[in-house]
Amino acid sequence: MLVSNNSYVPPKYFILNGIPGLERVHVWISLPFCTMYIISLLGNLGLVYLIHHEESLHHPMYFFLAMLSLVDLFTCTTTLPNALCIFWFNLKEINFNACLVQMFFVHGFTGVESGVLMLMALDRYVAICYPLRYATILTNPIIAKAGLVTFLRGALLMIPFPFLVKRLPFCQSNIISHTYCDHMSVVKLSCASIKVNVIYGLVVALLIGVFDISCISVSYTMILRAVVSLSSADARQKAFSTCTAHISAIIVTYVPALFTLFTHRFGGHSIPSSLHIIVANLYLLLPPTLNPIVYGIKTKQIRDNVIKLLQGEKRASTQDK
């Protein structure tokens, strides 16, 4: 907004336009989104409760899984309720400062999620390559410090984003073609150079995404070498099976994230905006929805404890009757 003396005042609000071109089917699009959100809430809350409740799951692998579940819960909750309000009630206005806060949390939690996936890869590396020293290397204080550093890294690297956006003049449209306040979607509305924002965004992507993916790749390279060297086929299969759930979580998280990153910066007009926005939403919604299901199916200890918990509740209800 242009004011006197060639200075600018930030707009009071933005308009989140949902998925442009698909307005007529917003309600239908909301149904799978809402279903996935409910599944993510139930699944991740259930996992956190189970890990807290069952002492047999008080091990590093499950502590990291509880961290991942909490981060997934916060990640999808920062955007999905807002998107559903757009789809159902056409509530598109968002206060400028609220938009900046949402932007910080969206990018902050996705950065933390990437860090937790890296910690889980390191956990699998220690468990398979140094099984006898596993309990002494990954002690509870070390796990707590690793989780704190991961959280601080995500938060500190994302703090500049709102300030970099706030300095920009928005003297044209205030309509964001998205369901939430994504950094690049917002800065593209500015009538000034966004070079600094783009460069800092790429720097953060390198510091978080490239670093974490590199650590994960190195960890699994070492794991593969250790597993292949095992003489027993059963031992190799058992070692691989402990990693399948985590590998699935990595694929579900990073594939949509990389698609979103590259289409924002290099995709131009070759990809329909509606497809980009749908993938950007799935990038925040798929991991929280699928991770509890994948870990519940692939991890025997979690399956056994879920059955044990359900049988205990069934017995208690029968005795009450």
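Placed from the backbone N, Cα and C atoms, the Cβ positions cover glycine too.
What TrEMBL annotates here:
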- 43-295: domain 'G-protein coupled receptors family 1 profile' (DOMAIN)
- 27-50: transmembrane segment (TRANSMEM)
- 62-89: transmembrane segment (TRANSMEM)
- 101-122: transmembrane segment (TRANSMEM)
- 142-165: transmembrane segment (TRANSMEM)
- 198-227: transmembrane segment (TRANSMEM)
- 239-262: transmembrane segment (TRANSMEM)
- 274-295: transmembrane segment (TRANSMEM)
Here the stretch out of 62-89, 101-122, 239-262 with the most C-beta pairs under 8 Å to the transmembrane segment (142-165) is 101-122
Long-range Cβ contacts under 8 Å made by the transmembrane segment (62-89), restricted to residues 6 or more beyond its ends, are 16, 18, 26-27, 29-30, 33-34, 37, 40-41, 43-45, 47-48, 51-52, 102, 105-106, 109-110, 112-113, 116-117, 119-120, 123, 140, 143, 147, 179-180, 249, 281, 284-285, 287-289, 291-292, 295, 301-302
Field: the transmembrane segment (101-122) vs the transmembrane segment (198-227): 3 or more CB pairs under 8 Å
entry: yes
Averaging the pLDDT values of the domain 'G-protein coupled receptors family 1 profile' (43-295) gives 91
